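To start, the structure itself, in structure tokens.
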Amino acid sequence: MTASVSPLPVVSAARPPLHRTLGVLAMIGSPMMLVQYVSWRIAGSAAPSPESLIAQAEFLLYIWGFAAAAIGLRLLRVTGTGRGAATITAIQAVGLFLASCQPLLDLTVGRARGGAFYMATDIAWPASHVFMLVVGIAALRAGVWRGWRRWTPLACGLAFPLMAAGAGIFGREAMGAVFGPATALSFGALGLALATAPARDRAR
């Protein structure tokens, strides 16, 4: 007589919600502008040029982290559920796509031969930052997030105006000194907000 042995149940590890993974990606990308600025300050004339592969890779990581945060906000419907919120996401998607094309153009055809499309990519990355003010206001109005989380999209939108103000007061050398820390803190906080947000934090 042989005893039958039932197979052991297969236990699969639960995957974290996608918005949390996107939040982690946003946190990884958030300090890239600060890393770039600090490396230039330390290395001086020996630092990689803004058109170098290292500098462009840092910028791409930053933009991709920015995009991850934008997708996470949409997944949780942090800016709302209506047509206006969808339009906000569409504008962000176009802007971030164009911004991500700039490093590729810099490494291939260059600024001089990029033409009108290059100009569009060059405008897209600052415009995408300023547009975060719209995203932040929409998030506050939607009221999906409470507490400190609700302020993080707006904080991201303030990074570029703060940089412009710093440059106006202290000169162009202050741009990196303001923009690097401002984006590292604000996008890092937004990434943390996404990475720790419960799945129920979603507009109905």
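Cβ from N, Cα, C; glycine included.
The following features are taken from TrEMBL:
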- 21-39: transmembrane segment (TRANSMEM)
- 59-76: transmembrane segment (TRANSMEM)
- 88-105: transmembrane segment (TRANSMEM)
- 125-144: transmembrane segment (TRANSMEM)
- 151-171: transmembrane segment (TRANSMEM)
- 177-197: transmembrane segment (TRANSMEM)
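Outside the transmembrane segment (151-171), and at least 6 residues removed from its termini, the chain residues within Cβ reach (under 8 Å) are 69, 73, 78-79, 126, 129-137, 139-140, 145, 177-179, 182-183, 185-187, 189-190, 192-193.
Only sequence-distant pairs (6 or more apart) were considered; of these, at least three Cβ pairs between the transmembrane segment (21-39) and the transmembrane segment (177-197) are under 8 A, so the stretches are in contact.
If you look at the transmembrane segment (177-197) against the transmembrane segment (88-105), you find fewer than three C-beta pairs under 8 angstroms, all six or more positions apart, and that falls short of contact. With a threshold of 8 Å between CB atoms, the same-chain residues lying at least 6 positions outside the transmembrane segment (125-144) that come near it are 63, 66, 70, 73, 76-80, 84-85, 88, 91-92, 95-96, 99, 102, 150-151, 153-161, 183, 201-203.
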